Protein chains: 2
Amino acid sequence: MDRLKKKIIEEGKVLSSSVIKVDAFLNHQLDPVLMKEIGEEFAKRFKELGITKVLTLESSGIAPAQMTALSLGVPAIFARKKKSLTMKDHLYTSKVHSFTKQETNEISISKDFMTDDDHVLILDDFLANGQAAKGLIDLVEQSGASIAGVAIIIEKGFQDGGRLLRRQGIKVESLAILSSLEDRTITFETQGVSS
Amino acid sequence: MDRLKKKIIEEGKVLSSSVIKVDAFLNHQLDPVLMKEIGEEFAKRFKELGITKVLTLESSGIAPAQMTALSLGVPAIFARKKKSLTMKDHLYTSKVHSFTKQETNEISISKDFMTDDDHVLILDDFLANGQAAKGLIDLVEQSGASIAGVAIIIEKGFQDGGRLLRRQGIKVESLAILSSLEDRTITFETQGVSS
């Protein structure tokens, strides 16, 4: 997606050789038109797979998951990072360590909204070492549902997550794959990313 | 909005005389078509006001804020409930107490995304005692921006928030106003809510 890559280059802030901040359009402020295009692109790439639900993790996955679910004509669910008072029992839970935030969160979804009839598209904003995706896959597997694929907006190609998921035979579609953030320079992989 | 009220009646779960759980379509699982209609309805009600930004609070406000911002043709921003590693300084912050979750969160937005040129629509899923709205208004005022209004999906009319905001002269538009949840029965106010 050329528009996404352009945004990353123009508005992304490289904080280190492994961290890029895209708060201007994805992680804090949202560009709603870009979110819509992202949703349409994911729907195009996964539309033949019989998806029944889009699963993401709060908070940054919610807007693109909403748009993808809207395009696919299915519900979205966002896993929560901790339990709320109105959502105590009846949960599938897993643990996700975030290296960026240096914390481990318990993530959970209600058993009400995923069953073994579901075929689930997992969606997240970033894929780095794959911890969040692994946690989401764990939730889906606990429910008995199947994984249709993993939809990623920005993949850090220089980290292991994408390779590990693809080796497991999971269809991973990343709209932009960063090959490097060294020297504060944003470089994209040119293979494997259709525009 | 009749479709929203129908959803609340059919899928809402009354947990007490003051708490209703709408995890089936708004707070955990999302009905993307309903979110789209909510966004269009808010855009219709606020479109003449020269809004430049939609501000909400993670996580449940994000999907309807995305759809409202898309309809209005402006960016959305979601305030974060705690600071992340990539967002440490350069923030406007306020405090919000949640009676449902029995916790006080510091909420914040980056100074980069709100200036005194902005005219801001505040959007939230619920309005009860108005704590979240007050916190969001505080963030907007710190930035020097002005408040265009407050967009609420479900207002608890039996709590004080809506009255307090309207008394301050703030335009508050709620898509469904609950007059009571007593006896596990959902009752809507009929005045002040256009369909």
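Cβ from N, Cα, C; glycine included.
Per TrEMBL, the features are as follows:
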BINDING   A:Asn27, A:Lys156  xanthine binding site
DOMAIN    A:36-157  domain 'Phosphoribosyltransferase'
BINDING   A:Ala128, A:Asn129, A:Gly130, A:Gln131, A:Ala132  5-phospho-alpha-D-ribose 1-diphosphate binding site
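Here the features listed in TrEMBL are placed on the structure.
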{"residue": "A:Asn27", "record": "xanthine binding site", "Cβ contacts under 8 Å, 6 or more apart": "A:Lys21, A:Ser60, A:Asp125"}
{"residue": "A:Ala128", "record": "5-phospho-alpha-D-ribose 1-diphosphate binding site", "Cβ contacts under 8 Å, 6 or more apart": "A:Ser18, A:Phe99, A:Thr100, A:Lys156, A:Gln159, A:Gly161"}
{"residue": "A:Asn129", "record": "5-phospho-alpha-D-ribose 1-diphosphate binding site", "Cβ contacts under 8 Å, 6 or more apart": "A:Phe99, A:Gln159, A:Asp160, A:Gly161"}
{"residue": "A:Gly130", "record": "5-phospho-alpha-D-ribose 1-diphosphate binding site", "Cβ contacts under 8 Å, 6 or more apart": "A:Asp160, A:Gly161, A:Gly162, A:Leu164, A:Leu165"}
{"residue": "A:Gln131", "record": "5-phospho-alpha-D-ribose 1-diphosphate binding site", "Cβ contacts under 8 Å, 6 or more apart": "A:Val96, A:His97, A:Ser98, A:Phe99, A:Gly161"}
{"residue": "A:Ala132", "record": "5-phospho-alpha-D-ribose 1-diphosphate binding site", "Cβ contacts under 8 Å, 6 or more apart": "A:Leu57, A:Val96, A:Ser98, A:Asp124, A:Phe126"}
Next on the checklist: Please list, in sequence order, every residue of the chain apart from A:Ala128, A:Asn129, A:Gly130, A:Gln131, A:Ala132 whose Cβ lies within 8 Å of the Cβ centroid of the 5-phospho-alpha-D-ribose 1-diphosphate site.
Outcome noted: A:Val96, A:Phe99, A:Phe126, A:Leu127, A:Ala133, A:Lys134, A:Gln159, A:Gly161
Checklist entry - Hey, what's the Cβ neighbour count for A:Lys156 (xanthine binding site) at 10 Å? => result 23
Checklist entry - Is A:Gln131 (5-phospho-alpha-D-ribose 1-diphosphate binding site) helix, strand or coil when read with DSSP? => result helix
Checklist entry - In the domain 'Phosphoribosyltransferase' (A:36-157), how many residues does DSSP put in helix, strand and coil? => result 41 helix, 48 strand, 33 coil
